[in-house]
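Listed in Swiss-Prot:
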{"type": "COILED", "residues": "24-52", "note": "coiled coil"}
{"type": "COMPBIAS", "residues": "1-11", "note": "compositional bias 'Basic and acidic residues'"}
{"type": "MOD_RES", "residues": "64", "note": "deamidated glutamine"}
{"type": "REGION", "residues": "1-37", "note": "region 'Disordered'"}
{"type": "REGION", "residues": "21-58", "note": "region 'ARC ATPase binding'"}
């Protein structure tokens with residue numbers, strides 16, 4: 001049996017040169033990185049203040 005291979009290309013009629021979409025994508029990546037850092041800082045604060053309670057609550061919810 002012969003297998004048919006299809007090469008997918010993205011975007012359709014768009015140009016390959018980065019433009020406004022590239023700048024918007026960069027801004028989005030920076031915003032996501034900033035939000036992730038803020039969330040990790042918040043988790044660190046909770047663990048520093050109350051690590052034992054955090055672990056106890058995690059185990060009660062089914063964590064291992």
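Backbone N, Cα and C define each Cβ position, glycine as well.
When DSSP labels each residue, the region 'ARC ATPase binding' (21-58) comes out as 38 helix, 0 strand, 0 coil, counted as helix, strand and coil in that order. Over the region 'ARC ATPase binding' (21-58) the predicted model carries a mean pLDDT of 89.
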